[in-house]
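Quick look at what Swiss-Prot lists:
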- 1-227: domain 'Radical SAM core' (DOMAIN)
- Cys15, Cys19, Cys22: [4Fe-4S] cluster 1 binding site (BINDING)
- Tyr21, Gly66, Ser122, Arg134, Leu195: S-adenosyl-L-methionine binding site (BINDING)
- Cys255, Cys261, Cys276, Cys330: [4Fe-4S] cluster 2 binding site (BINDING)
- Asp277: active site, proton acceptor (ACT_SITE)
- Cys317, Cys320, Cys326, Cys348: [4Fe-4S] cluster 3 binding site (BINDING)
Amino acid sequence: MKSLSMLIKPASSNCNLRCTYCFYYDICNNREIKSFGMMKLNLLETIVKRAFNEAEQNCTFAFQGGEPTLVGIDFYREFINFVKKYNTRNINVFYSIQTNGTTINEDWAKFFKENNFLVGISLDGTKEIHDKYRLDANKKGSFNKIMTNIKILNRYKVEYNILTVVNKNTSRHIDKIYKFFKKQDFRFLQFIPCLDPINDPRESHPYSLNPKDYETFLNKLFDLWFKDFLDGRFVSIRYFDDLLSILLGNNPKSCCMNGFCSCEFVIESDGSVYPCDFYVLDEYKIGYIEEKTFSELFNSNVTKNFIDSSLNHDVKCKNCNWYPLCRSGCRRNKEPNFPNGTNDNIFCESFKSFFEKNISKLTYVAKTLAYRQH
């Protein structure tokens, strides 16, 4: 494999927070074993060894959870030792970790900096907005702790971005959220739509994001972002970055904008492997990393069926003027009906409205960026 990326869950579904809308909590409650416990070091070594046996040019290790820091910092120190041991061909290696930010201290910050980790911090906005759903086991908010720890990251000059879940509440306060992020000088942002539990009817929870709210959110966020762009302050917002990449003839970074699913090689703490973080379910298990190579896992029938099923887009979808930008969106946003029944993305009308309103401005930004690069 020229490039190999994997998503490792060293603490399985274990987490020190109890976020109301957590999609992985829902996932683990829909499989036979909710938590596989903490990953053993011999399994971690196997993962690293297999990765460098197969990666030819680039290798990316992403850590998520649950809360991946719960496994302890020594686990990651050993991980770096394994990388040094097995990367005998000196291929390019990239590290990232997605954390709720509550456990970060000076040791973690120093480690991230020394080893060039890109850190994703989950933060939903101001204290009032964030603490509505991102609570600990005692139902207390996590905002204050996270903001304190972000200051530690800043002090060590750790590279990080902010990940915000767009739920009903955050979608209606994007002006306040964006203003707050701007005040904190957060320049790299991701906004991901909140997912309803996989077997529940759409929009059946207080936090559920409906298409109209998402449409309003996208339009307001774009207006704020575009104004900053005109004022000479470019903020990286993952979704807008991907749209600009497509307009400039490049590939988006987000898998949901490719028009088909890929295999993310999600590795749970027991070594079981799955094609996607949204489908770490028993029926989507590809196999075990201790028993199969990455190539064998990729060529399995489960992986093939998962990818092939994502290629079935409605004719009306393919004929839509905005298909080249939308590309049908994330498969998970077509549940619970996908792959049988309707194939509509729940946010189809949201995207249509957004593109119709903002395509000329998006094109202007793309052309401006292209001009600056020459």
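Positions of Cβ are set from backbone N, Cα and C atoms, glycine also.
Its Cβ taken as reference, Arg134 (S-adenosyl-L-methionine binding site) is surrounded by 25 other Cβ atoms within 10 Å in the chains shown. What surrounds the [4Fe-4S] cluster 1 site, by Cβ distance within 8 Å of the Cβ centroid and not counting Cys15, Cys19, Cys22, is the set Leu17, Arg18, Tyr24, Tyr25, Gly66, Asn100, Arg134 from the same chain. Only Cys22, of the binding-site residues Cys19, Cys22, Cys255, have a C-alpha within 10 angstroms of the C-alpha of Leu195 (S-adenosyl-L-methionine binding site). Ser122 (S-adenosyl-L-methionine binding site) falls within a strand segment according to DSSP. Between the C-alpha atoms of Cys19 ([4Fe-4S] cluster 1 binding site) and Cys326 ([4Fe-4S] cluster 3 binding site), the distance comes to 29 Å. For the pair formed by Cys255 ([4Fe-4S] cluster 2 binding site) and the residue listed as 'active site, proton acceptor', distance between Cα atoms is given as 12 Å, rounded to the nearest Å. In this structure, Cys255 ([4Fe-4S] cluster 2 binding site) is part of a helix by DSSP. On the backbone, the CA of Arg134 (S-adenosyl-L-methionine binding site) and the CA of Cys22 ([4Fe-4S] cluster 1 binding site) stand 9 Å apart.
Candidate recorded positions: Cys261, Asp277, Cys330, Cys348. Nearest to Tyr21 (S-adenosyl-L-methionine binding site) by Cα distance: Asp277.
For the domain 'Radical SAM core' (1-227), the predicted model reports an average pLDDT of 98. Counting every protein chain shown, the number of other Cβ atoms lying within 10 Å of the Cβ of Asp277 (active site, proton acceptor) is 18.
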